[in-house]
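In TrEMBL this protein carries:
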- A:K5, A:F6, A:G7, A:G8, A:T219, A:D220, A:Y225: ATP binding site (BINDING)
- A:T49, A:E120: substrate binding site (BINDING)
- A:389-455: domain 'ACT' (DOMAIN)
2 protein chains.
Amino acid sequence: MKVAKFGGSSLASGEQFEKVFNIVMSDPKRKIVVVSAPGKRFASDIKVTDLLIECAEKCLKNEAADDLVEAVIERYASIARELGLSSRVSNMIRNDLLTVLSGDKSNPERFIDAVKATGEDNNAKLMAAYFQHKGVEARYVNPKDAGLIVSDEPGNAQVLPESYERLFELRNLPGIIIFPGFFGFTKKGEVVTFSRSGSDITGSILANGTKAELYENFTDVDAVYSVNPNIVEKPKEIRELTYREMRELSYAGFTVLHDEALIPAFRAGIPVNIKNTNNPSAPGTKIVHERTTSNGPVIGIASDKGFCSIYVSKYLMNREIGFGRKILQILEEYGLSYEHIPSGIDDISIILRKNQLNPALEEEIVTRIKTELEADEVKIERNLALIMIVGEGMRQNVGTMARASKALADAGVNIEMINQGSSEVSMMFGVKAEDEQRAVIALYKEFFAPVPVNV
Amino acid sequence: MKVAKFGGSSLASGEQFEKVFNIVMSDPKRKIVVVSAPGKRFASDIKVTDLLIECAEKCLKNEAADDLVEAVIERYASIARELGLSSRVSNMIRNDLLTVLSGDKSNPERFIDAVKATGEDNNAKLMAAYFQHKGVEARYVNPKDAGLIVSDEPGNAQVLPESYERLFELRNLPGIIIFPGFFGFTKKGEVVTFSRSGSDITGSILANGTKAELYENFTDVDAVYSVNPNIVEKPKEIRELTYREMRELSYAGFTVLHDEALIPAFRAGIPVNIKNTNNPSAPGTKIVHERTTSNGPVIGIASDKGFCSIYVSKYLMNREIGFGRKILQILEEYGLSYEHIPSGIDDISIILRKNQLNPALEEEIVTRIKTELEADEVKIERNLALIMIVGEGMRQNVGTMARASKALADAGVNIEMINQGSSEVSMMFGVKAEDEQRAVIALYKEFFAPVPVNV
């Protein structure tokens, strides 16, 4: 039994609905279908979820939102027309949305969640109607009826452990189950949504709960690429990667699938297959617990701008018990999370994502470290990019660092920082943001392209 | 004006005293001479300081120490005889030692400090007598009279800031000043010693206080070597290195001069010259604030066994604010100081000197991290060696990491850990202890020897 989740672009039009139908019908193991809200049909299109958020915000301010409401309804109605469905389903969607919009607004966060959730919920109903229209036994299942119970954190729900056992019952329903992604219900019966791209989370939870053999995640790319295709043209596709590799790659910018969404599937040991709705015969990328490593040490190269570092030096720092802890304590008091802490003998650098800081906060932190820790020097360096080289094959490979650092040196890239040694499947390089592209290209050439470096 | 400090092996015999005399007289700027206690004359000899400690401990236990007392007195007496000095000075030393040994024993630590200090104190008196015997204007100066005031921490005195101004007055005394190293006086007038190799500290304090142009530190090697001569035969000598380089090299095993001893000279901007009493015409090694870097990126390679690491992994660790701080807090509660903290996305390793741990403590720490931090995995890896490549020239050099990691890869050494990025003048590699020698030799060949690697 498989769980198949389809993203917004896979559900943006009648044509896309047809593709989904054909994909589901082509494999009798595809029992549970998780749907997102309709996404973009073309680059300048607006996603239904975004229309709904605007709608909800206007209602909260008592502003007229009729145009937006009609735009949302028309997205479903046009799909229904394209598929030759009766107007009954469009009318039902209209009524549902209007009912939710006229609901209780005393708790704005809860109201927004309820409005957002209609995007997926009505799309699931529409999909179920289409399957039935095609003469297939299929049913819409509501998360409440299925027992998908979540914590009461609007916009950031966490699944409660007791849900899994109840969800297992879905296996016993006859026919195909069409399940809306993105939201669950609190114990009191209120709608709460997951964080953004929460339909991936729903799919992962259902795969875990129903003990599926595979979680298929249909999106609009053929595979996860070994490097950002905006930096390297037509990069090698990754056929298979481990959860750990995926996690390390997501960390520095791989965005195909949010790594937190994978946790329920990961914990249940269920492999995930990322596939393309628009090219379903392509094998896609499989995320597994273990893989054979035949193809060289590196599977992917990720990079991300947007880091900065706080450099602190103090003579004889390393004799002072508690120094590092005290710096981390100061950061913690401001709710800042740090990424890495490379250190010399008498100096330490703390690498953070720079979107957490602002000039006033920076000054406050620098002052506190200087005075409370009597540091000799404290300075903030901005515009750092982190580059991750990831691969399970590195465990057994002696020369990977030599190859990587030589490739960077030959490309004239200065390595600001190296963090290697804790993870066995990755190496991390810090470079100046302006060197990021050059560094990634040099590393890609070294580990993937069958061409000599430095031509 | 220069301060010249002579170590124990430079003062072990009459012959050595003569060398010291000749060195001091050959440069009229050598105004202040700091002396250690007599050291070893041959490999199996016992240092006077060690005899004195045994003496003091026996006295505290009311055991007979006559043999030891005579052995100490005989060391001075034999030097005096060799130099043709009258028995008056030996008698004076005998009386002084017996007086101290019969002193107040109610505070054992203070008693031991007073006994230990006589080693340097009497050697300074003997040296002054020798200079006078040779017809040179010279005087023994007592640290109390000179105003060398220290904190009341027996065996670990810290100089008090007000000392420096008083010590400046030494410049106004006529002739050569012979000053005993290793101890000062509390505000109440009690003798307290510095930590071991404290004569280096005294010399550094006097250089600072008298605003000397140079602090000469005479020992028994021609220079600081670029690598441990027990690993590489006849390694290149270092002519000049910066304080920072010295500090980074000392950290991982360079022991010529204790880096803490340098602080007073460092703070006053006074260069230090390490020279050989037995070969004073050799230029020695100069420690300076800045140097020109003409000779390649690396100045020295240091290595040290005796490290271990605590590896901790937890899925999504890097989203958890305070995780690193909590680990460091646990270590701090046991008074453990850590060296470095390389980290992956979901794992962190803490590198410590392993002499701080024992099996019971290890188990306790592992258990606490597992339970209090809900870590997925905690394990201790032993037998780690750290290798430091040090050099100011690395700041401007793009390919140093590539050269170093290629040299290690070619030698078949697996890099367990790299810590680079905070210090601009060093790179640190962690390797298995059994690979240490091979790694150091490979790096030395790469950066110093004009021979191809891998012959």
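The count begins at 1 with the first shown residue.
Every residue, even glycine, has its Cβ placed from backbone N, Cα and C.
Feature map: TrEMBL annotations on the structure.
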residue	record	Cβ contacts under 8 Å, 6 or more apart
A:K5	ATP binding site	A:V33, A:V34, A:V35, A:S36, A:G181, A:S199, A:D200, A:T202, A:G203, A:Y215, A:E216, A:N217, A:F218
A:F6	ATP binding site	A:V20, A:V33, A:V34, A:V35, A:S36, A:F218, A:T277
A:G7	ATP binding site	A:S36, A:G39, A:S199, A:N217, A:F218, A:T219, A:D220, A:T277
A:G8	ATP binding site	A:S36, A:A37, A:P38, A:G39, A:K40, A:K47, A:V48, A:T49
A:E120	substrate binding site	A:V35, A:S36, A:A37, A:P180, A:G181, A:F182, A:F183, A:S199
A:Y225	ATP binding site	A:P235, A:K236, A:E237, A:I238, A:G300
Fill in the blank from the handout: Across the domain 'ACT' (A:389-455), DSSP yields 31 helix, 13 strand, 23 coil
Handout entry: Cβ atoms near A:T49 (substrate binding site) (within 10 Å, other residues, all chains)
Key = 25
Fill in the blank from the handout: Mean per-residue pLDDT in the domain 'ACT' (A:389-455) works out to 85
Handout entry: DSSP three-state assignment (helix, strand or coil) for A:F6 (ATP binding site)
Key = strand
